[in-house]
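**Q** I am attaching a structure below and will ask some questions about it afterwards.
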Amino acid sequence: VLSPADKTNVKAAWEKIGGHGAAYGAEALERMFLSFPTTKTYFPHFDLSHGSAQIQGHGKKVADALANAAAHVDDLPSALSALSDLHAHKLRVDPVNFKLLSHCLLVTLAAHHPAEFTPAVHASLDKFLASVSTVLTSKYR
């Protein structure tokens with residue numbers, strides 16, 4: 001459960017990310033594909049080379065979804081309902097992949113904002129991403 005301090009940290013972090021969200025999303029995807037090659041199986045139609053338009057486009061989708069979640073942190077199930085349906089019923093993404101992408105996103109944010117990535121902010125973002133992952137996998141049952 002996200003505390004009021006966590007929610008404040010998440011919203012502040014997302015404001016700091018600002019216009020870099022798409023680039024950070026793409027970078028996190030690239031990190032995931034390099035670090036966890038089995039995740040590539042969900043993207044057989046993508047050009048997975050560094051900086052490809054498809055990775056950039058999907059990175060923007062990831063960033064936009066997370067920005068929406070941060071803006072609606074008090075009602076994640078409603079904010080992410082359509083994405084949960086998509087990933088559970090159409091794409092059938094293994095739920096472990098959300099954790100892998102979350103880890104890669106945390107690494108990306110820490111690399112770009114080391115001064116702001118305090119232990120408290122790290123913990124808040126980790127809890128937020130875990131909450132997002134939980135909602136995205138809620139319709140798998």
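Note that Cβ sites are derived from N, Cα and C of the backbone, with glycine treated the same way.
According to Swiss-Prot, the protein carries these features:
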BINDING   HIS58  O2 binding site
BINDING   HIS87  heme b binding site
DOMAIN    1-141  domain 'Globin'
MOD_RES   SER3  phosphoserine
MOD_RES   THR8  phosphothreonine
MOD_RES   LYS16  N6-succinyllysine
MOD_RES   LYS16  N6-acetyllysine
MOD_RES   TYR24  phosphotyrosine
MOD_RES   SER35  phosphoserine
MOD_RES   SER102  phosphoserine
MOD_RES   THR108  phosphothreonine
MOD_RES   SER131  phosphoserine
MOD_RES   THR134  phosphothreonine
MOD_RES   THR137  phosphothreonine
MOD_RES   SER138  phosphoserine
**Q** Can you tell me how many other Cβ atoms are located within 10 Å of the Cβ belonging to THR108 (phosphothreonine)?
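**A** THR108 (phosphothreonine) is surrounded by 23 other Cβ atoms within 10 Å.
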**Q** Measuring Cα to Cα, how many angstrom lie between SER35 (phosphoserine) and SER102 (phosphoserine)?
**A** 13
**Q** Roughly how many Å separate the Cα of THR137 (phosphothreonine) from that of HIS58 (O2 binding site), to the nearest whole number?
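**A** Cα of THR137 (phosphothreonine) to Cα of HIS58 (O2 binding site) measures 19 Å after rounding.
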**Q** What's the most sparsely packed of the recorded positions HIS87, SER138, counting other C-beta atoms within 10 A?
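**A** Across HIS87, SER138, these recorded positions, the one with fewest Cβ atoms within 10 Å is SER138.
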**Q** By the count of other Cβ atoms within 10 Å, pick out the sparsest of the recorded positions LYS16, HIS58.
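**A** Minimum Cβ neighbour count within 10 Å, taken over the recorded positions LYS16, HIS58, occurs at LYS16.
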**Q** Could you pull the average pLDDT for the domain 'Globin' (1-141)?
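**A** Overall, the domain 'Globin' (1-141) comes to a mean pLDDT of 94.
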**Q** Please give me the CB contact count at 10 A for SER3 (phosphoserine), counting all chains in the structure.
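**A** By my count, 11.
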**Q** When a 10 Å sphere is centred on the Cβ of SER131 (phosphoserine), how many other Cβ atoms does it contain?
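**A** Taking every protein chain into account, the count is 19.
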**Q** So how many other Cβ atoms are close to the residue listed as 'phosphotyrosine', meaning within 10 Å of its Cβ?
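**A** A 10 Å sphere around the Cβ of the residue listed as 'phosphotyrosine' contains 20 other Cβ atoms.
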**Q** Determine the Cβ neighbour count for SER35 (phosphoserine): the number of other Cβ atoms within 10 Å of its Cβ.
**A** 12
**Q** Given the recorded positions SER3, LYS16, HIS87, which one's Cα is the least distant from that of SER131 (phosphoserine)?
**A** SER3
